[in-house]
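S.K.: Can you keep this structure in mind? I'll have questions shortly.
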Amino acid sequence: MIIDTTKVEAIHSFSRPESLKEVYELIWLLVPIFTTVFGIIIGVLVIVWLERQISAGVQQRIGPEYAGPWGILQALADGTKLLFKEDLRPSRGDIRLFSIGPSIAVISILLSYLVIPFGYRLVLSDLSIGVFLWIAISSIAPIGLLMSGYGSNNKYSFLGGLRAAAQSISYEIPLTPCVLSISLLSNSSSTVDIVEAQSKYGFWGWNLWRQPIGFTVFLISSLAECERLPFDLPEAEEELVAGYQTEYSGIKFGLFYVASYLNLLVSSLFVTVLYLGGWNFSIPYISIPELLGIEMGGVFGTTISIFITLAKAYLFLFIPITTRWTLPRMRMDQLLNLGWKFLLPISLGNLLLTTSSQLFSL
C-alpha cells in the first residue's frame, strides 16, 4: 500500500489552521468571563478593606495599616491564610452536603453578575427578563446554606440554616414587587433598558425620585438578603456560635465570607442599576458625553461608564457598612414580622400605585 505524502501534508496543513482558529475562538469566549470574575474578586477585596477602615473610623480606633500601604493587603493575607488552613470535616456529618453547600452559595451569586450592565453595551447577557433572573438565581443561595447546616450534623448549624432559608423567603417576596414596579415604569425587565429609561431626564429621571417607597423597601430587603446587621440572625454568635458555618474551616469557611461580600456587591450594583441611573451621569435634557464629544461605545467612554457605575455602587455601600456598626440586632420574631406584616403590604401598595399611574398615563 502506497501512501501519497503530498495528500497527507495537505490534510495536516488544512487541519492546523482550523484547530488554531477554534482555540482562539474558545479563548476569546472565555476572556470576558475570566475578566468579570477577576474584577469581582478585586471588588470584594476592596469592600473588605473599606469595611475595616470605615468600621475603625466609626469606633474611633486604628484599622488595618501594617499589611501593605494603608493595610490594603490585609484582606489578601487573610484569604491566603484560609487557603492553606486544614480542611476539617465532621466525622458524623453528611460529607457530600457539607462540601457542596458553600459552592452552591458562591456560584448562585456569581451567576447574578451575568445581567448587570457595567457600561454602554457592556453586559455579559442582556436578557429581556434580566432582573427577574437575578431574583430567581439569588433564591438558590439559601439552599446551599441549608445544606451546609444540615450536613454539619450540629444543632446550632442546622438552626442557622433554617433561619437563613426563612429569612430569604420572607424578604424576597417584598423585594419582587419593588422590582416589578421598576419594570412597569421602564416598560421592560431588561437591566439595560431600565438604565436607558432613566437617562431621558438626566439626574431627575432616576427611579430613586420616582419610587422612594420602593427604594426604601428594596434597601431593607437587600440588607436582609445579604444577612447584614441588624438582620444577621442566621449567624448570631450569642445564640448559634456561628450559625451554618460553625463546623467549617479553611477555604470552605472563606467561601461563606466571599459569598456574603459578593451578595453585598451585587445588591449595591442592582440598586445602582434600578434606582441610581446605572452608568449615566447627566444633567436634565443635556447629555454630558455628547456635550464633551465622548463616544460611549469607544474605549474612553466604556472606561468612564464602568467608573461611574462602580463609584455609585461603592458610595451606596457606605449605608450597609455604617448600619452594621449603628443598629442593634433584631429578634427572629421581629425580623419575620417586619417582612410579612410591614414590608410586604407596603411593597404591594407601591406596586398598585405604580400600576394605577401607568394606566392613567395611557
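Just so you know, glycine gets a Cβ as well, placed from its N, Cα and C.
Dumping what TrEMBL says about this protein:
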- 26-50: transmembrane segment (TRANSMEM)
- 95-115: transmembrane segment (TRANSMEM)
- 127-147: transmembrane segment (TRANSMEM)
- 255-278: transmembrane segment (TRANSMEM)
- 298-321: transmembrane segment (TRANSMEM)
- 342-360: transmembrane segment (TRANSMEM)
S.K.: Determine which residues of the chain contact the transmembrane segment (298-321) at the Cβ level, with the cut-off under 8 Å and only residues 6 or more beyond its ends counted.
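M.R.: That would be 43, 46-47, 50-51, 54-55, 117-120, 122, 219, 223, 226, 228, 264-265, 268-269, 271-273, 276-281, 289.
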S.K.: Tell me if the transmembrane segment (255-278) touches the transmembrane segment (95-115). I count contact as 3 or more CB pairs below 8 A, with pairs 6 or more residues apart.
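M.R.: These two segments touch.
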